[in-house]
Structures are given as structure tokens and as C-alpha cells.
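Just below is one structure, and these are the notes that go with it.
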């Protein structure tokens, strides 16, 4: 558990960095009247379309300043990486990431009517991390008084 979780969290951190890179490149291309096609645009699935949609910033939709979901992901996974040695904290953080993953998956499938390989990979890793955190927490046991 201790070896796998940091690897998974680091994978999500790298995927978030890539998502942010795609977002920046697509916005830059749009400013210059060009088109940008990311490596993760596969067939009818377009990560670029997702990363440049109006839902690229959930914070803006809830009345907060606009911050890219990818940038928030980078910050979150850095925090989660630092917390991966504490089973309870990792459990709570990974549970939060699962809830947000479900919300973002709903937006992706039912509102944007698209699929994003990068996004879906991160969602899957979030659920795997949560399952590992639950298992780790149950193995460490709880403090009890006899």
C-alpha cells in the first residue's frame, strides 16, 4: 500500500500537468487562430475539447475565481502525495477526489457528451487510491480502549 499509493498519486499529478499543458496550448492556438490537437484526442474523444470547455473551471461555476481544474488537480495531488503516509488523511482526501470524480464524470458524459482519456484515467486512479486507502486504514486498525 505504501509503495503503490504514491505511484498512483504521482501518476495523477503528471496527468494533471499534461491536462494543464493541453489547456494552455489550446488557448494559445485559439488566440492565434490556429487549431491544436493533443495526443490524447483519440477518434471521436477529445481531451482538448473538454479542457477548453466552459467546465474547465468548476471553481468559476460555484462563484469562486476561475482556476483551471487541471491546476487545482496539480495542487490537490501534491497535497495528497504529502499526505500518503497518514492513512486517515489519505482516506479522506481520496474520498473527496472520488466524489469530485463522479461529478466531473457526470459533466463529461451527460453535459459535454464527450469522453476524455486523461480525465477517465484520473477518475479510475482516484477510485483505486480510495480502495487502497480503505484497505490500508482497515489493516492499521483503530485505537480502542479495553
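Glycine is no exception: its Cβ is also placed from the backbone N, Cα and C atoms.
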Which range is it, out of 55-74, 115-134, that shows up in TrEMBL as transmembrane segment? 115-134
Could you break down the residues of the domain 'Vitamin K epoxide reductase' (1-137) into DSSP helix, strand and coil, giving a count for each? 101 helix, 2 strand, 34 coil
Taking every residue in the domain 'Vitamin K epoxide reductase' (1-137), what is their average pLDDT? 92
